[in-house]
Amino acid sequence: MQICLIDETGTGDGALSVLATRWGLEHDEDNLMALVLTPEHLELRKRDEPKLGGIFVDFVGGAMAHRRKFGGGRGEAVAKAVGIKGDYLPDVVDATAGLGRDAFVLASVGCRVRMLERNPVVAALLDDGLARGYADAEIGGWLQERLQLIHASSLTALTDITPRPQVVYLDPMFPHKQKSALVKKEMRVFQSLVGPDLDADGLLEPARLLASKRVVVKRPDYAPPLANVATPNAVVTKGHRFDIYAGTPV
């Protein structure tokens, strides 16, 4: 995959070329999307819209830390949707990991989550965020146990993941109407990089075959059900709904 690669660390230790080799990235000086290694983290920038700033994965501080400490925990919609109850903490495959927010919420309340991400740039961002999270004194211990990254396409990986999870979680890219600055910033940068998930409808059936209990699909409230397969079961929030489908018992 071609992208502009920029090293702002000033160390000259070749870390960026090692990273490029690992994720199969090729430097393209003219690419509008840039993957930038800063002294603090790896980030994605849209070079023709510098005001958007960089997008990076941070499990330790910022919004994720606030959500972990002060969010709803088990009461969050995604936790309810995957079926967390009492001692039951399902094993989850998040087949559309993105920046890992929902996966992190589930891991923080006790679920073991395997994140799938097919885009190598997004996978590199996730891997960088995980490395910093694993090294953190406060959350590193449980994060290593509960949150892992698999760089693979969900369309193929969903057929051969072992052991089978109890829940498969899907949150395919869908054009957002919301006007919040954060959504606009991230969606604009993200959609410039990966585009819409045009093959997302093909995920539902393999997900249902893989999950032993249920499949949860996050949709904006105005979006049709995935693959146009309606379900009466959903957890509904202000702007989204989490459609719930039966899996395939072991």
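Don't overthink the numbers, they just go from 1 along the chain as shown.
Placed from the backbone N, Cα and C atoms, the Cβ positions cover glycine too.
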Of the candidates Asp58, Asp136, Asp171, Asp197, the one that Swiss-Prot places in the S-adenosyl-L-methionine site of Arg101, Asp102, Glu117, Arg118, Ser153, Ser154: Asp171
Site extent for S-adenosyl-L-methionine (largest Cα pair distance over Arg101, Asp102, Glu117, Arg118, Ser153, Ser154, Asp171, Å): 19
